[in-house]
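Here's the structure, in structure tokens; my notes come after.
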């Protein structure tokens, strides 16, 4: 099943729902960063969450940044997701592995840690970005981002995220975000029914492994609540905006002395993109050209 995002409404537009499948892009991130099982789950959950949050933004260039800094051995992670369906990200300590938790599942909460902060930045592409910071609740990602949505955006929300990874790689990943808007929030019976449905879920990835599509998952959750699945399906993918030219621009900022030192010491330069793991190499000749450009710009 292709990585994709779909949107839906229910309860006469009083409920907003978004679902995303991110199996392939999570596997690409795992391979690019050489992630452990638990690091794959942590980053995969957060990339799915980033795409779900970004989906509510209207501007084509709008993006959501999620940064988590916890006291666990993973140390932290960063995700950049756009409403155009692109996402990238990295973890600070990609190789750490932990024993399964008490439920026999990957111990994402233990890896991230329960003490720390979740930072969310919404950037419309113009003006000042909107940023918010909340304390971590559990380090399990979904609970922490739900806490952010309820406290910072004052929107009752339920977020279910999952990543299933084996020795063969990621076989299922994605999530569902359901939000109760003000017009439906006063209907206690509706809210209780929705909470009961979500609590009864065994997780997101088991549904994908059973072969259910996002539409079928929505039917299971909201089918008797006036569900309307919007026709537009958006493809999502791992995509990094790094390039060789951007790398040269970053090197140029270092200045002539540092560039000359790289030429003398290393006969060139090598840089690795944090977001995607792509390695770029600049020759001594290319560094010399940057030095010439700096001299010309300085008028000498």
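Heads up, the Cβ atoms here are built off N, Cα and C, so glycines get one too.
Here's what Swiss-Prot has on this protein:
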type	residues	note
DISULFID	240-242	disulfide bond
DISULFID	273-276	disulfide bond
Run through the Cβ atoms and count how many others sit within 10 Å of the one on residue 240 (disulfide bond). 18
List the residues of the same chain that sit at least 6 positions away from residue 276 (disulfide bond) in sequence and have their Cβ under 8 Å from its Cβ, in sequence order, or write 'none'. 32, 88, 238, 240, 242
Just to be sure I understand the packing, how many Cβ atoms besides its own are within 10 Å of the Cβ of residue 242 (disulfide bond)? 18
Quick one: what's DSSP say for residue 276 (disulfide bond), helix, strand or coil? coil
